[in-house]
Amino acid sequence: MEILYPVGDAATGARIDRAGYERLYAEAARDPEGYWRDEARRTLEWITPFTQVKDTSFDAADFRISWFADGELNVAANCLDRHLATRGDQVAIIWEGDEPGETRRVTYRELHAEVCRFANVLKANGVRKGDRVTLYLPMIVEAAVAMLACTRIGAIHSIVFGGFSPDSLANRIQDCDSRLVITADEGCRGGKRIPLKANVDKALAHCPGVERVLVVRRTGADIAMVEGRDVWWHAAVEGVDADCPAEPMNAEDPLFILYTSGSTGKPKGVLHTTGGYLLWSAATFRDVFDYREGEVFWCTADVGWVTGHSYVVYGPLANGATTVMFDGVPNYPDHGRFWETIDRLGVNIFYTAPTAIRALMREGDGWVAKSSRRSLRLLGSVGEPINPEAWDWYHRVVGERRCPIVDTWWQTETGGILIAPLPGATDLKPGSATKPLPGVRPQLVDAEGAVLEGATEGNLVIADSWPGQMRTVWNDHERFFQTYFSTYPGKYFTGDGCRRDADGYYWITGRVDDVINVSGHRMGTAEVESALVAHPKVAEAAVVGMPHEVKGQGIYAYVTLNAGEAPSDELRAELRSWVRSEIGPIASPDALQFAPGLPKTRSGKIMRRILRKIAEGDVSNLGDTSTLADPGVVEQLVAGRV
Ligand code: 6R9
């Protein structure tokens, strides 16, 4: 039975209440120009006010996405300078290290000075407006400083998650031609060290274009420094002037690139621009979390993912909030880490992923009960559908039924949240991201693209542009159009399946393309396949998702070996660690089955539908296998399931 949690005390003092949401949604639908003009004016500080608002079309003939095109602003000035007069001494970032209590507090004034100083360091190292800078860092204050310093001078940052391998890092550096890389000697995660600088050294063997590496001293490990190329961060900033004017940037100037996996080919460099992205991250932070002056906000994501960009750094800082940067993991030193830290830092709003909730739920309520969590007002979820059991535990045990849960649906491509409840306005249903934010026009379409009305299920598309949407794939505008706008002409295709109920609530059902969502992280099946096939003993590989109790989805790989190679447990282990080193630990297959052959159509297409069913353990009804070139393959696969 479906449970409904009506808006309760959350409505008290909320910025947007029930009637407010209805009014704003209708207003944005009726007059997008007027709505976004007002929003952009009141949310951001502009150097040159814009006169144009929306200039967008998703149609092939005049495809364009442009917002506030003649306006000028600077992101760092919006996140720092404009707060100095009113809240210079307020804490901007609370950094919490891997060890509990290893904490650093940085005020807006201090952060402003650090950013200006480092922006001058970037300039001194030849970085100019429009240049790309790659960051490969732990969750340390310097990561935020480096991001904001780039934005201050108009450089484009590209953050690569510290869990990615040297090869993955090298690909991302090459794709966007970065000449400068920022890293740390090592990272610390769950008591273990991550050899970030050593990984950079390996990557740079394939990146001759990189001239400078700036290295933060995080652990003090003994690392190799390349003469003439590598410079310590602390040495570089010493004595540098803390005065650095914020570069006026056009609203449509690139802000950052973030690589994300798709259903085909190499990861795409998702490009976001200055005005639209900042407006979206700032406004959604303010409204979805109903942020109130002085509150402490903790989003547990890493800045290597989009959630870290929008809701650890840009959204909170644009609002003058206090944001927590966490450099640890949920189960270190024990399973009470989140809750103990919430008490110690006085966290009011906590935003994490279903995979973390499920992992902690398995350890029992005792770890939660050790903490008071009195400071908590609101809980959030992001990254994948949250199953009702996990939702209930989060609500009942963590939030003690006091705290609404905002289940926020969005993507790297969308820049920020598109579908989510507003705590003061929306009744909650566990497992549903509920309703679109004002200005967001979701639709469900069938395979032919026909728009489905009412309570129904289909493919989730967005019918019109919103300011925070990505503008292009770096260096490949054609791929941008093909990937997102060609499947259903005139609409942005999300790649997600979705159900809409009779109350107009949206229930995301998961990816409908060849993307697997592992612990809230996107993995393209094609990427894992090409890593496997790169192994000298592998002839062919097919990768699909399978249900996984904690990760949501796990990676199931079918591998055909070269003639003369024999399957063994050793080879299985070797292939798994091969994928780890090719892409990173998150891509390592959870299950790996040696398959004498793969099910293919006569035209040679692998029938993934069948592979998915076998991986799910649902072998009773494999559907129509008559189009297979060799139907016998299926029996072998079923028999060999791992
Ligand atoms: C922010 C982020 C995007 C994909 C997206 C969808 C899934 C994210 C979700 C959700 C159901 C939610 N997803 N949030 N599914 N409910 N609240 O995660 O970006 O890494 O690009 O992933 O994640 O499948 O298409 P990204």
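Cβ coordinates are placed from backbone N, Cα and C, and glycine is handled just like the others.
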- Query: Among Asn171, Asn331, Asn348, Asn621, which is the one TrEMBL gives for the CoA site where Arg189, Gly190, Gly191, Lys192, Thr307, Ser519, Arg580 also bind?
  - Reply: Asn331
- Among Arg373, Arg374, Arg396, Arg522, find me the residue TrEMBL lists at the same ATP site as Gly383, Glu384, Pro385, Asp407, Thr408, Trp409, Trp410, Gln411, Thr412, Asp496, Arg511. Arg522
- Query: Closest to Pro385 (ATP binding site): which of the binding-site residues Gly190, Gly191, Lys192, going by Cα position?
  - Reply: Gly190
- Query: Among the binding-site residues Arg189, Gly191, Lys192, His535, Val538, which have a Cβ atom lying under 6 Å from any atom of ligand 1?
  - Reply: none
- Intrachain C-beta neighbours of Thr408 (ATP binding site), sequence separation six or more, cut-off 8 angstroms: Val288, Tyr351, Gly380, Ser381, Val382, Ile417, Ile419, Ala420, Ala433
- List only the single closest residue to Arg580 (CoA binding site), chosen from the binding-site residues Gly383, Thr412, Arg511, His535 by CA-CA distance. His535
- Item | Beyond the site residues Val533, His535, Val538: chain residues whose C-beta lies within 8 Å of the centroid, for Mg(2+) | Ala531, Leu532, Ala534, Pro536, Lys537, Ala539, Glu540, Ala541, Val559, Leu575, Trp578
- Task: State which of the following binding-site residues has the fewest other Cβ atoms within 10 Å around its Cβ: Thr307, Asn331, Thr412.
- Result: Asn331
